[in-house]
Amino acid sequence: MKSKHADDQPSNGADRELRQAEDALYRTLFEHAPVGVLVADTGSRYLDANPSICRMLGYARDELIGMHASDILVRSGTQHIMPALNDTKIHSGCSHEWQFRRKDGSVFSVEVTATTMPDGNLLAMVRDISASKPADMAAAWLAAIVESSGDAIIGKDLNGIVTSWNSGAEKIFGYSAREMVGTSILRLFPADRQHEEKHILGKIWRGEKVEHLETLRLTKDKRLVDVLITTSPIRDAAGNIIGASKIARDITALKAREREIARMSRLYAALSQINQAIVWTKTRDELFQNICRVLIEHGGFQMAWIGWHDPATQLLMPVAVCGDESGYIRSIRIYTDDRPEAQGPSGTAFRTGRPYICNDMLNDPATLPWRAEIVRRSFRASAVFPVRQNDRVCGTLTVYADQQDFFQDEEIALLAEAAGDVSFALDNLARDEERRQAEMAAQSERQFSDTMIESMPGILYFYNEQGQFLRWNKNFEIVSGYSGAEIACMHPLDIFSGEEKHALERRIAEVFETGESFIEASLIARDGKATPYFFTGRRVVFNGMTCLVGMGIDISERKQAETALRELNETLEQKVTERTGELQAALVRARAADEIKSAFLATMSHELRTPLNSIIGFTGIILQGLAGPLGAEQTKQLGMVQGSARHLLDLINDVLDISKIEAGQLEVRAEPFDLRVSLERVIALVRPMAEKKHLALDAVIHAGPFNVVSDRRRVEQILLNLLNNAIKFTEHGGVTVTAGLIDGFRAQPDLPPRPAVRLQVSDTGIGIKPDELATLFQPFRQLDAGLTRQHEGTGLGLAICRRLAVLLQGEITVNSIWSKGSEFTLTIPLQLPSRS
């Protein structure tokens, strides 16, 4: 704060020191004044503030500087700022009372004395006068407000004990202040709402306010009243919560009106839904069920049902029910005549043709037979309305409510209107049904006629003796290319060429004379396309006129088929002639090739075997020492020559055998022999090879006669080949031969079942890969090259075995697991037919 000399220019050092001393004095007074001091410009914006005013308002000095007077005044006082400023300019030092708002939002009263400073700014001294206001006046004013309120204003402590009770509370709850003060507020709570007080007190303890709680409370006479409650915490001077203030407004009448409005709204909504159902529903039963559903879902009723009168039994039969999950309505019998069972609400409404309203079902004598069910289902009121059709009562509409005296004038009027709408709808449905039946009959006739016409294959038409088309099918328009309007103006002969018209005229005349006729002719379409048709015509009488009904079938495909068949026959005859010549030439070539092959096989059989046999024989003689002694190396070399010659002879024999088989020149000779002997002979031949490899060679021959009629040499050849292969490809373990008899063997489907012998050669060798099994029996096929190179061969052995087995009317199969071994099975009939 500056002194009044702050802006003067110092004349000398003494004056400057004097002014500095004055400034220090003024600043000390400003800072330590017990009242609040504010300096503001002419626009009421603060330039400075002393510590007292800062403490009073709760703001720091820096926060106050720059604020406007309106920032700390309550809103209602801001309009008085300008008049107060003007007053200060006229009367310096005048005082005013204001309401200030602290930084925390609290409001307090102050007295402000304002003075205009020499520089034009304002100096305001602020004194807090809130503590000096008479508290008793405020308390009296507050008490008057509380007592005059029509709402219940109740004070209670934090334990729910009533501490104050106004006249509004006495009027609403019926208790006097003397009866309530000092007692628990819980005496006003129904049993099922005691928990609310705990919830309310919990919020009060936390300093929270409970607003607009709609609930129920008990009066002194045990009535339930609807109340709207607001509860606020009460604080002492230190801000501690010491109790709660509760304001309760009686909204019973309001809630009753709301319920009445809601009930009427539901009824209006139900009536609207019923009217919509009447508009959109096409059958009586569906309409009745929709009405009952609407009354439950939208009308708020407990149950609704419609009974329809059965003249034969005089019963009201439930045709639509909603809200009766137990099936009660369908289990009872309600009569409409004079018997006692007909004196209930529904029977009475039906007989009298007037609504029957029962607003107290527990005491109405008419409901006595059903009283137990009424109590169990909590029904308290019901209303029955007669339903009419053609001004005659035919049924009833019954609804049930869970509230006594539910059905008042407005509800009854709305439900009577709904019953009237239903009666009106039934009349309309009856008329619609009659009209619908008539339309369906006519439509059925038209449909049948149209279906017959349109389903006919080809084209169909109908014209009179003058040649005027009366009807035709859609296909006629499509085929001819003419529109319906054009066909109506045409003559039947207009769709044919001139050269065929004379024949058609004769056929048409024949129809009208004899009754029917037919002809093949080409129909000429609008675009000039001619299509062959087969036409039939029959005479009929229609509406007193003699007419012709004709039908045409497109025979284009038949004509094309006939032409194609004729051309095909000609082509086939030519091809058969050509093919016959080709086959004859091929037959001549085949016979010549066969003769050449036979000659080759005969030559090879002699020319190849003869020198090889000589080599084998002479090397045998030399090895026996008949030509002189041999050295060890010579014996070894000659042994190798003899072995190679024998191997070559085996290869040549394999090649010649497969060639003979493929040429059909290998014949088998059936003769009786003992299979046991053959097995022993073959096993003896291969045993040295097995012993050389240290392999076990076993034979398992099951009991039974093994007298076989077959080609012994070929059977032994197959066995020898299988055993050689087994030993050849087995390095460890052994080889087993098993023989047994079986019944019902059939190598081919066209052969009869016969007894047979089954020979199995199994080994523990390398096995066969699954992908090699498919080609195992093909000629010149060998297993993995790395293995076969250790054991030379042509790859013909298994191929020859299979072909020999087929010649013997048997079969060879194989089962193998890679790296574990294989099992070859040879099955041949015990007796080979002599034709082989």
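Placement of Cβ uses the backbone N, Cα and C atoms for every residue, glycine included.
Not measured: the values here are computed from a predicted model.
Mean model confidence of the domain 'PAS' (22-66) amounts to 88 (pLDDT, 0 to 100 scale). Residues or ranges marked as domain 'PAS' by TrEMBL: 22-66 (among others).
Residues or ranges marked as domain 'PAS' by TrEMBL: 138-208 (among others).
TrEMBL lists 211-263 (among others) with the feature domain 'PAC'.
The domain 'PAS' annotation in TrEMBL covers 445-515 (among others).
Summarising the annotation, TrEMBL assigns domain 'PAC' to 517-567 (among others).
The annotation domain 'Histidine kinase' is assigned in TrEMBL to 603-832.
Across the domain 'PAS' (445-515), DSSP classifies residues as 44 helix, 10 strand, 17 coil. Per DSSP, the secondary structure of the domain 'PAC' (517-567) breaks down as 12 helix, 31 strand, 8 coil. The domain 'PAC' (211-263): residue composition by secondary structure is 12 helix, 30 strand, 11 coil, according to DSSP.
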